[in-house]
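Worksheet for the structure shown next.
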């Protein structure tokens, strides 16, 4: 491992820039606000991910959509009123205004 330094159980390669005493102090000062901003962003991301995601209308009710589409292709729109209405009912149950 030649020039590697072990600190807190982590092996890090040594470099001439990290051996200078001013480099860590200079990088530590800007890192503090970035760390606070990162923590705030992480908290926001967690809150957003906990919220239930709203489905897109194209992805809601795949079963009734498939039946409706197959019926329309095979028999025409006029013959498939019950499947069209079943799909509309399912979409309304998912929260869509159709």
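Keep in mind that glycine also has a Cβ here, set from the backbone N, Cα and C atoms.
Of the given residue ranges 1-34, 35-68, TrEMBL assigns the label region 'Disordered' to 1-34. Just so you know, the Cβ of residue 59 (Cu cation binding site) picks up 9 other Cβ atoms within 10 Å once every protein chain is counted. Residue 58 (Cu cation binding site) has a Cβ environment of 8 other Cβ atoms inside 10 Å.
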